[in-house]
Amino acid sequence: MPGVSLRINARLAASTRMRPLVSSTEVPSWRDWIILTFMGVAAAVASTMVDLHLRIPGHAILKAIFPMAIGFALVPRRGAGLSMSSLALVTVFGLRAVAPAGGGLSLGAITSLATVGPLLDWSLQRSRGGWPVWRAFALAGLAANLLALFVRAGAKLTGLEHLGARPLWNWLPAAVFTYAICGLLAGLISGLTWFCRAQDTDAPGDSE
């Protein structure tokens with residue numbers, strides 16, 4: 001992957017709270033790839049093994065989007081989200097192969113991991129500082145969680161979910177609202193935590 005060129009997103013680089021730690025080189029460095037790898041793995045491990053003790057359908061999106069927001073704050077480059085989601089998926093299936101805990105991740109949570117990175121890439125491509133960035137995170141979280149809701153509802157409908165899970169008719173009415181709210185809030189919290197209003201930047205790359 002170090003051979004792949006991810007262009008720096010100058011608009012995003014201008015608004016990260018981690019700006020002193022951002023590499024401004026045109027081509028991503030080994031350090032950038034290490035950060036993206038670590039955050040992709042962290043999102044997968046958190047989603048699989050961390051229990052927030054919240055019994056709210058859809059809250060797992062926070063465990064996926066928050067580490068990826070840190071990745072974007074440290075490596076504000078186009079395509080960073082796809083890189084982190086890809087690495088997260090590889091980690092999840094690796095955990096499934098070697099650890100029983102890896103099998104506990106629902107199809108909905110796997111969908112969130114797979115889609116939130118690319119959705120962040122798309123929503124952040126023209127956002128600069130303050131509300132545009134925060135809104136982009138919130139909308140990416142919402143979209144990823146609605147996709148997760150659709151997949152998980154399909155799994156329940158077709159009987160692919162494990163025995164003992166709540167039946168579709170009992171789960172869906174509340175889940176429609178909680179998945180949407182959790183997606184919006186998780187994205188907004190992540191964006192507010194790691195990004196601020198845009199500052200002047202001399203970072204290279206496109207700033208369209």
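A Cβ is built for glycine as well, from the same backbone N, Cα and C atoms used for every other residue.
For the transmembrane segment (33-50), the list of distant contacts is 1-2, 60, 63-68, 70-71, 74-75, 80, 83-89, 91-92, 95, 101-102, 104-105, 109, 112-113, 117: same-chain residues at least six beyond its ends, Cβ to Cβ under 8 Å. If you look up TrEMBL, you'll see 33-50 (among others) marked as transmembrane segment.
Feature annotation from TrEMBL assigns transmembrane segment to 56-75 (among others).
Per TrEMBL, transmembrane segment is recorded for 87-113 (among others).
Proximity of distant same-chain residues to the transmembrane segment (133-151), defined by a Cβ-Cβ separation under 8 Å and at least 6 residues beyond the stretch ends, is recorded for 12, 15, 58, 60-61, 64-65, 69, 107-109, 111-112, 115-116, 119-120, 122-124, 127, 175-176, 179-180, 182-188, 190-192, 195. For 133-151 (among others), the entry in TrEMBL reads transmembrane segment.
What TrEMBL lists as transmembrane segment is 171-195 (among others). Beyond its flanks by at least six residues, the transmembrane segment (171-195) meets 12, 15-18, 56-59, 61-62, 65-66, 68-70, 72-73, 129, 133-146, 148-149, 152-153, 156, 165 of its own chain at Cβ-Cβ distances under 8 Å.
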